[in-house]
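Report on the following structure.
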Amino acid sequence: MKSNMALFLIVLGAFVTGTAELVVGGILKMISDDLNVSIGAAGQLITAYSLAFAIGTPIVVSFTSRVPRKTLTIASLAVFIAGSLVAAVSTGYAVLLLSRAILGVSSGVFAVVAFSAAAKLVPPEQTGRAVGMVSFGVSFSTVVGVPLGVLVAGWWSWQAIFLLLAALSLVVLAAMIRLLPAIEGDANVPFKKQFAVLRNPVILSGLFLSFGFSTSSSLMNTYMVPFVQNVLGLKPAYLSALLLVIGAFGLAGSRAGGVGVDRWGSRRAVSFGMLASAASLLLLPALANALLPGVGLIAVWTFAMSLAIPAILTYFIQQAPQSSNLVLGLNTSVLHLGVAVGAAGGGAIADAADTVLYHPLAAGLIALAGFAAGLVSFSLGRRKGRHGLTANQEGAV
């Protein structure tokens, strides 16, 4: 019972930190007008968050590998609260930019510890479900947290969003101090040896799988609204309803991914998610002006993409059980790098082709390339005849 409550608190924390990351995209115009900066400058708030998340997370996770997970979870959430309060009182661009960097690092560390801790709170046969629940919390922030945040900004101010996030996080923090059980950290290993895990081809090729997944997802997600409006012919009045439906498929995919991992294994779940994503994307350009079939394929893609997330995370936890926090931190950095590359690549394609018709095709091919890297990782893992890395193979991590 106590472990269930602890898992619920971790999921709630994932929802709060996920909302803080994603809500800025919906309030860029408000921030731009309020701080008297360009939309492009306001957009750099997202860049600052992603860079801090990608660069700072593995460094902090590595230096704190021996810290008990409860302590690190509480500490990262406390720093997140501080960053949210800085954002809430920001009256200038520089201070807000600093707050986004603080939020990026703290959210990144919390995410890594959350997935790892969730896996350790349950029996091994329920790891997928636990990881899927945390992923569900992040997905729920997209469907519910971001729209509510935009509404709050419209009613009061964009600063009020971060004040509310800080308040909610404080409640979660207090509950975690009381209810989160002690969870051990990673093995006691010198800092220099920790990154030796990157020399393992199973992990390295798995990171290329993650990069392909996130690049493909970002390329399509960034330009999905122009695609459904300009290519499929969706009227703007129905856009909110479509996003709500797609978000529901994403939530279902996150849940199915966790259950699928426990039932069929992480490799099969990853394979299904990646192949279904690629197939849906590759078929989309053929459905130009076919609104309902096109929306149906986008829903299938969203479900498959969301299913793959907990499967990929569980795969890394299983392959590097003694250094799961470090590997998850590196994977998180790779995912954010893929997001940046996918968005930039999508912009280049749009400029070159003067259309978004071919974005699903490009995203589908990238997903297939990522899946190919995953097959290499799976094959190498089987060849070594093990379910996880030994201490020596992990660089004694």
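Here the Cβ of each residue, glycine as well, is placed from N, Cα and C on the backbone.
Here TrEMBL flags 6-385 as domain 'Major facilitator superfamily (MFS) profile'.
Residues annotated as transmembrane segment in TrEMBL: 41-61 (among others).
Among the features that TrEMBL reports, transmembrane segment is placed at 73-95 (among others). Sequence-distant contacts of the transmembrane segment (73-95), counting only residues of its own chain at least 6 positions beyond either end whose CB sits under 8 Å from a CB of the stretch, comprise 10, 13, 16-17, 20, 35, 37, 41, 67, 102-103, 105-107, 109-110, 113-114, 117, 159-160, 162-163, 165-166, 169-170, 172-173, 176-177, 180.
Summarising the annotation, TrEMBL assigns transmembrane segment to 101-122 (among others).
Look at TrEMBL and you will find 134-155 (among others) tagged as transmembrane segment.
The transmembrane segment annotation in TrEMBL covers 161-181 (among others).
For 202-225 (among others), the entry in TrEMBL reads transmembrane segment.
What TrEMBL lists as transmembrane segment is 237-257 (among others).
For 269-288 (among others), the entry in TrEMBL reads transmembrane segment.
Summarising the annotation, TrEMBL assigns transmembrane segment to 294-316 (among others).
Taken from TrEMBL, the feature transmembrane segment covers 328-350 (among others). Listed by sequence, the residues of this chain that lie at least six past the ends of the transmembrane segment (328-350) yet keep a Cβ under 8 A from its Cβ atoms are 47, 50, 53-55, 57-58, 60-62, 108-109, 111-112, 115-116, 197-198, 206-207, 210-223, 226, 312-313, 316-317, 356, 358-359, 362-363, 366.
The transmembrane segment annotation in TrEMBL covers 356-378 (among others). Within the chain carrying the transmembrane segment (356-378), a Cβ under 8 angstroms from the stretch's Cβ atoms is held by residues 201-203, 205-206, 208-213, 215-217, 219-220, 223, 226-227, 230-231, 267, 270-271, 274-275, 277-282, 284-285, 288, 319, 342, 345-346, 349-350, all 6 or more beyond its ends.
The stretches the transmembrane segment (269-288) and the transmembrane segment (202-225) are in mutual contact, each linked to the other by at least three Cβ pairs under 8 Å (pairs 6 or more apart in sequence).
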